[in-house]
Amino acid sequence: MSRAGFSAFVCLFFAGCFCCSKAMPSKLNQETFNNRPVIGILTQIVSDDIMKPFGSTYIPASYVKYIESGGSRVMPIRLTHTTDEYENIFRQINGLLLIGGAANLETSDFARVAKIFYRLALKANDAGDFFPIWGTCMGMQQLTVLVAGENLLTNTTAENIALPLNLTAEASTSKMFEGFPSEFMKVLTQEPLTGNFHHYGLTVKTFQENEKLQSFFSILSTNVAENGAHFVSTIEGKRYPFYGTQWHPEVNRFQWDRKRNFPHSAHAVQLSSLLAQFFVEEGRRSLHQFDNPEEEASSLIYNYTPVYAANFTGYEQLYFF
Ligand SMILES: *[C@@H]1O[C@H](CO)[C@@H](O)[C@H](O)[C@H]1NC(C)=O
Ligand SMILES: *[C@@H]1O[C@H](CO)[C@@H](O)[C@H](O)[C@H]1NC(C)=O
Ligand SMILES: *[C@@H]1O[C@H](CO)[C@@H](O)[C@H](O)[C@H]1NC(C)=O
């Protein structure tokens, strides 16, 4: 959906208020913001044997802290609900984060639930009901499978390596990087601020040859894999507020395993902060809400306690569900 579409919706909303409140006219053309956003995070399927005793799905605490750092609360979303239940959750949350992991992108429960939210978000945005989605690593891969209607991923291994971004011309007019200082855009292309931990991805060639991907997303950056393949590393929806990074913005501030190349420089921290703030700001444009404070309170991540996991995984803390 377009910004104009959203404004039209808001204008109608205020026009409605105007009839019964004469104090409103100065706000006629302003957007309404939701300053108590809740971003949903789909739980990820446990595939590591060592994690299995704790639960069947999990969310690394790094993603939760990342979203919280932008000024949002987090609702964990299990993979075991019915479609009706997901429709109800959709009406309550203000954005969705699809995280990294290892699951089948067409047949897994993760894929099934991601597809339900993806379709709801398309429909909502088309109707002027703003709803952002962000996919990180496998989450971005999942978005490309949903848009293309098929899995087009190939070997683009970039495992445990921090890279500078090869920004495209479209990055300079993107929404994702709109608020970035111009000197910082240059830093992005020079310093290795993006942590890559993936085996598969979309090559630039595959992307450009696919009509659906090409018309849906703009490529904001590319990188080169270990096998020399140029892969798409950052994308943004042209009409929809859907974003994807093949790299991991959350690790820059919230993961510390010494065996991994997590970027922790001041610039790396700044990048992670700017993107968390950007995505939560998108969430503030969603006016979805819970029916009552009790339902909201019982749905939030605060009801769960993360497990210390640095001695058996690469993560410091994990939430299990
Ligand atoms: C950067 O991307 C351009 C295309 O946008 C490509 O021609 C160039 O080879 C890439 N450079 C690197 C270092 O990846
Ligand atoms: C992908 O390519 C890299 C580098 O050529 C190779 O080491 C790796 O085994 C390949 N991985 C898969 C899953 O094919
Ligand atoms: C990790 O440390 C916790 C205590 O902090 C301990 O209870 C647990 O057994 C350890 N796990 C492994 C796999 O070593």
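Glycine residues also receive a Cβ, built from the backbone N, Cα and C atoms like all the rest.
If you check TrEMBL, you get these features:
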type     : residues : note
ACT_SITE : Cys137   : active site, nucleophile
ACT_SITE : His248   : active site, proton donor
ACT_SITE : His248   : active site
SIGNAL   : 1-23     : signal peptide
Between His248 (active site, proton donor) and the residue listed as 'active site, nucleophile': CA-CA distance (Å) = 7
The residue listed as 'active site, nucleophile', Cβ-centred 10 Å count of other Cβ atoms over all protein chains shown, is 24
Can you check which residues sit near His248 (active site, proton donor), meaning Cβ under 8 Å from its Cβ, same chain, 6 or more apart in sequence, and list them in order?
-> Gly100, Thr136, Cys137, Thr194, Gly195, Asn196, Phe197, Gln255
